[in-house]
Amino acid sequence: MSLFDWFAARRKDQFVGKVIQEAEEADGLWGKCPECSQVVYRKDLLENANVCSNCGHHNRINSDERIKLIADQNSFKSTDKHLSPVDPLGFKDRRAYADRLRESQSSTGMKDGVTTGVCQVEQIPLALAVMDFRFMGGSMGSVVGEKITRLIEKATNQKLPLLIVCASGGARMQEGMLSLMQMAKISGALERHREAELLYMPLLTHPTTGGVTASFAMLGDLILAEPKALIGFAGRRVIEQTLREKLPDNFQTAEYLLDHGFVDKIIPRTQLKKTLGVLLRLHGYREKRK
């Protein structure tokens with residue numbers, strides 16, 4: 001083979017390799033970590049609970065994926081699946097609230113932004129609620145509040161520990177006061193759960209903000225968080241403009257809140273289930289007898 005033919009073959013191989021790589025990326029085989037820009041094989045990412053193996057960045061996951069990570073296989077039994085939101089105010093901003101609901105329901109396959117149910121974690125019964133940020137930013141409307149309240153009441157009646165996975169932009173403005181009153185309703189149900197001397201653990205994921213932070217996200221016996229999760233009430237820019245001060249770079253992160261006593265423990269996603277089992281046993285909960 002002449003030198004010219006060798007270079008021609010090399011160029012062809014490089015071109016074909018580039019086409020194959022672009023095709024694989026288009027098919028969703030590869031992804032790029034938003035934190036460290038490392039190119040990762042999507043299958044490896046999924047097998048690692050959507051956590052980047054290079055930098056540990058926790059990518060956002062949906063409620064179904066979260067339940068699979070937490071609950072023992074085939075143990076999750078959903079509750080109140082029939083509840084669906086309505087548009088009591090006929091609210092419309094740039095778009096009608098009813099249209100936003102239909103779009104979110106179509107894209108997520110959910111009726112609203114939380115999945116509730118009872119499961120087992122390392123064979124220990126647990127009441128579990130998982131918010132899903134895909135559904136209108138995980139906002140808390142009347143159905144989200146009602147489903148969480150009913151789950152808390154079920155946990156109280158059945159003497160179950162409770163875990164709520166928070167991922168929310170706050171109260172759903174399109175429902176006005178009906179949304180805001182969910183804060184008090186859920187808090188009241190949690191107080192009755194506490195009076196029954198039962199364990200409640202919120203898990204704060206990225207992001208947990210607004211009315212959710214101002215209510216049930218901060219009422220736990222043990223407040224857990226994922227690494228680098230954004231946790232706060234008002235936005236950083238609003239606070240800086242109000243105080244006229246520059247805030248620390250890590251302000252409103254899980255690590256900042258841990259340092260200042262607002263969070264009890266930061267748990268990497270890959271260690272969550274094992275850690276939950278340990279915490280439940282430390283608080284006297286035992287495996288369900290067969």
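Using N, Cα and C of the backbone, Cβ positions are placed for all residues, glycine too.
As annotated by Swiss-Prot, domain 'CoA carboxyltransferase N-terminal' applies to 29-290.
Taken together, the residues in the zinc finger (33-55) have a mean pLDDT of 92 on the 0 to 100 scale. The zinc finger annotation in Swiss-Prot covers 33-55 and is backed by sequence analysis.
According to Swiss-Prot, the feature Zn(2+) binding site maps to Cys33, Cys36, Cys52, Cys55. In the three-state DSSP scheme, Cys55 (Zn(2+) binding site) falls into the coil class. Counted within 10 Å of its Cβ, the other Cβ atoms near Cys55 (Zn(2+) binding site) come to 12, all protein chains included.
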Cys36 (Zn(2+) binding site), number of other Cβ atoms within 10 Å: 12
Under 8 Å by Cβ from Cys33 (Zn(2+) binding site), counting only residues of that chain that are 6 or more apart: Val40, Cys52, Asn54, Cys55, His57, Asn59
